[in-house]
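Note sheet for the following structure.
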């Protein structure tokens, strides 16, 4: 059966829209997914090569792998939908434009619902890491921790409501969920705004800490041996503050504007953020694994200066337990039983020569490497 000129023109427009709305955004998403894959391999290598005995490292690795799996599933669904459009829908429209493949429509709706659920799970996990990072940088102040918990609860509730709304719209037989359909726009606005609000708050809090320690951070920049070191420091600060990530979230929020909804910008924003919501938290965890945080470096220096206290001597212990211990900012020296420390002896010099000081340093570094906290 030959097609009329109007039908051919309709198919041509469908193909053009598929290219603009789905193919090109998918190319951008594929590039980002490839970069995310490299980051995941990097993160896994760093964590595994340094040992997985610490529970914090196990949690970090698990979070990154789960977010990568969800992002990969989102990408695979987009690939499947583009393939369906190019290989099934458009050819069928050319051969029999009147036919309506209900099975294909049901499959597409199911894929959209699955993608929305996995994406929202990834968003909540990413926001959890962002809030955790703020709490760490702010030394778990009660007000900061409480704010983070409230924001995360709001985000989780709105994400769940958003997914229930999408399920109700896609499957009208679910009468109770379909009742949410008239409020879809408002629910989407609240869901998008809640995640953007979390990132704006997190960026503001960490930026405040950067400003508070600006002199110390400037000294680190000044101590850089070359331009590459300076650039690296700037990029690390950008990752820690989440400036770019927050801007991207704000740019995604504009998709709810009626004038923008029918444009390809919506798909570019959605396809891009499907991957970036997992990439940015992974970058944060890589910094934590590498201990490259400038803010934590300054906090550590401040704490060390604040914890300087007088020397104290502990009761005599056996020679196998000889060590120095820091308790409450006071340095405690333990002297083995039966041994006297006089001004004529030089135990520190002999220890240094015998290499025990270096051994103690290595032990301290090993303890720091296996730290209990996430940072």
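The chain as shown is numbered from 1 upward.
Using the three backbone atoms N, Cα and C, a Cβ is placed for every residue, glycine included.
Pulled from TrEMBL:
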type	residues	note
REGION	344-375	region 'Disordered'
TRANSMEM	30-48	transmembrane segment
TRANSMEM	60-77	transmembrane segment
TRANSMEM	109-132	transmembrane segment
TRANSMEM	144-169	transmembrane segment
TRANSMEM	189-212	transmembrane segment
TRANSMEM	233-251	transmembrane segment
TRANSMEM	271-290	transmembrane segment
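Cβ atoms under 8 Å from those of the transmembrane segment (60-77) belong to residues 29-30, 33, 36-37, 40, 43-44, 47-48, 52, 111, 114-115, 118-119, 121-122, 125-126, 129, 274-275, 277-279, 281-282, 285, 288-289, 374 of the same chain, restricted to positions at least 6 beyond its ends. The transmembrane segment (30-48) makes contact with the transmembrane segment (271-290): 3 or more of their CB pairs lie within 8 A, with pairs spaced 6 or more apart in sequence. Away from its own ends, the transmembrane segment (189-212) comes close to residues 120, 123, 127, 130-131, 133-134, 137-138, 144, 147, 151-152, 154-155, 158-159, 161-162, 237, 240-243, 245-246, 249-250, 252-253, 255-256, 295 of its chain (Cβ-Cβ under 8 Å, at least six residues beyond either end). Sequence-remote contacts of a segment are chain residues at least 6 beyond its ends whose Cβ falls under 8 Å from one of its Cβ atoms, and for the transmembrane segment (271-290) they are 25-26, 28-29, 32-33, 35-36, 39-40, 42-43, 46-47, 50, 57, 60, 63-64, 67-68, 70-71, 74-75, 78, 115, 119, 122-123, 125-126, 129-130, 133, 236, 239-240, 242, 245, 248-249, 252, 374-375.
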